[in-house]
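The signal peptide annotation in TrEMBL covers 1-26. TrEMBL lists 28-129 with the feature domain 'Phytocyanin'. According to TrEMBL, the feature region 'Disordered' maps to 135-174. Positions annotated as compositional bias 'Low complexity' by TrEMBL: 144-153.
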Amino acid sequence: MESSKRYLASILAVIFLGFLSSSTEASNNILVGGKMGWVSNPSENYTSWASRNRFNIADTLIFKYNKGQDSVLVVSEDDYDSCNTASPMKSMNDGESKFTFDRSGPFYFISGNQGSCQKGEKLYLVVITPKVSSPPTPSPPAAPLGSSPSPTAEINATPPTAPVPSTPSKSSSTTNSIVWVSALVSLLVVSVSLY
């Protein structure tokens, strides 16, 4: 009897830990440039470095550099291409700047020092779009063999519509959490009944 109680307690602990790990949002803190950080004249092009990584919404880039000697600017594509530091969308200069992605798409970062940007201290990356499943689109009924579509059918046909962008839902993580909670409650009821 005592060993079955220990076994049940172990199972409950594993399920509880699984619940905790499944209920947290996945995001990463990513150090730009690895060990070297954000430096002028990097040994590897930052965009090449970025191509080996996968960036998601809610991930955070960490730029480490010497405060007072450098900075990080979030800029437009044109300003990135020309190393234009005059009109950034955002400027960061604290020596350990953090930037969290709030959308998918391209992002452009350059050094606040134009000369450093021209030596390669700039970063272009793309944050991936979350995969959202959509219901299959029904196909129109096929015309019977040997018949041709009537001209009236073409006139009365509904014009195609553009797909409506959808926002990612949290339903799968919510469902996952409900399953874990239900399993945990069931095991607690069973363990109480064993005593």
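Including glycine, each Cβ sits where the backbone N, Cα and C put it.
In TrEMBL, annotation is done automatically, which means it is predicted and not curated.
Under DSSP, residues within the domain 'Phytocyanin' (28-129) fall into helix, strand and coil as 20 helix, 36 strand, 46 coil.
Here the domain 'Phytocyanin' (28-129) returns a mean pLDDT of 95 for the predicted model.
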